[in-house]
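Asker: Per TrEMBL, transmembrane segment is recorded for 7-30, 50-67, 79-97, 103-127, 139-160, 172-192, 273-295, 307-326, 338-358, 379-399, 405-426.
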């Protein structure tokens with residue numbers, strides 16, 4: 001019974017995040033395009049930079065991730081997610097009144113809110129899962145979350161269709177529609193039920209401890225100390241290399257790649273292509289979440305590392321094709337520069353799908369590790385993940401403002417190799433330790 005209630009809670013969690021991030025992920029995909037269109041109508045907005053805004057978001061997210069476990073220990077994961085979700089709504093609405101100072105202020109505010117919503121999400125997911133359901137629940141949540149890429153970007157595709165310039169009326173329609181969707185997600189969060197109680201899980205050498213007891217720290221100071229201690233363990237520091245890569249590639253596909261397509265003049269219907277790219281990224285994310293999460297009983301038979309290696313190969317192929325298909329100057333502004341080959345929309349959308357599927361490979365397995373192996377300290381584990389990922393994303397948006405596409409791809413290739421190697425090393429190390437102690441491998445969560 002508790003298992004079924006936990007699954008229902010995970011579905012509600014996925015629904016709320018699907019709605020909130022239908023608004024925000026769609027906005028992130030078109031933000032650079034929107035800001036450039038505002039500059040043409042509002043002279044005072046000429047100094048606004050989309051990449052700087054995104055860098056501020058992820059910088060504040062990284063900083064406040066350390067405080068998030070302490071806040072969750074006081075107000076709980078539900079109200080942490082609700083408070084964080086409200087900042088997403090504020091951020092989108094702020095574009096109805098375009099001011100440079102307001103853009104950067106709300107960027108800082110949503111960064112703080114993002115620390116709360118994501119750390120709260122990880123804690124709530126772990127509280128509603130067991131060792132045998134965490135892989136499935138992670139996949140269900142991830143697939144529902146990434147459905148947001150379909151909904152929002154399908155809307156953007158039809159709104160932007162046939163337009164080379166995004167006028168004020170179109171911007172207002174997008175702003176208020178996405179804001180309404182985000183508000184619907186907040187309403188769902190209000191009705192999140194408490195996680196079901198779990199049967200005690202006795203361990204050798206220690207007394208039985210319930211999930212609620214191990215999930216909720218004694219206080220905010222203890223939560224912070226626990227997060228710091230966990231950060232400096234050997235396996236977590238190795239996993240942080242993987243987290244860094246997910247942040248760099250997140251910054252690329254969520255904020256840079258769509259801009260590259262929008263600014264490449266040789267691509268037909270390039271403004272519409274931004275929405276289509278988001279749809280294909282979402283398709284890859286959802287299929288990846290389904291394949292490696294919902295069907296986790298079969299995929300986990302071989303462990304997590306083959307899935308991460310598959311994601312690495314998909315990303316490597318996409319980086320090579322993007323390198324050939326788009327000009328180096330495409331991240332910055334409209335360009336008529338030539339790529340190595342004639343820029344092709346079909347190849348661009350294929351890369352969008354590979355970016356999304358590969359991202360799902362990494363994230364579903366990271367969620368499986370953090371919610372399973374670190375189930376007794378999930379708030380701290382997810383905070384460390386989002387901290388490291390956010391630092392990398394912030395860095396990526398800073399260099400995206402000045403570094404050409406080819407330089408960005410080179411960085412992604414290097415860190416994809418390092419991040420994949422680190423993850424595989426940790427996975428294999430855990431297997432050896434499990435075999436040496438004659439206990440089941442942590443890789444087999446089913």
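The backbone N, Cα and C atoms fix where each Cβ goes, glycine too.
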Asker: Please report, as numbers and ranges, the same-chain residues at least 6 past the borders of the transmembrane segment (7-30) whose CB is under 8 Å from any CB of it.
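Answerer: Here the qualifying positions are 54, 81, 85, 88-89, 91-92, 117, 121, 124-125, 128-129, 133, 137, 140-141, 143-145, 147-149, 151-153, 155-156, 160, 174, 178-179, 181-182, 184-186, 188-189, 191-193, 195-196, 254-255, 258, 274-275, 277-278.
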Asker: Looking at the stretches 79-97, 103-127, 139-160, 172-192, 379-399, which one shares the most CB pairs under 8 Å with the transmembrane segment (273-295)?
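Answerer: Between the stretches 79-97, 103-127, 139-160, 172-192, 379-399, 139-160 has the largest tally.
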Asker: If you count every Cβ pair below 8 Å, which range out of 50-67, 79-97, 103-127, 139-160 shares the most with the transmembrane segment (172-192)?
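Answerer: That would be 79-97.
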Asker: Report yes or no: does the transmembrane segment (50-67) come within contact of the transmembrane segment (103-127), defined as 3 or more CB pairs under 8 Å with a sequence separation of 6 or more?
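Answerer: Result for the transmembrane segment (50-67) with the transmembrane segment (103-127) is yes.
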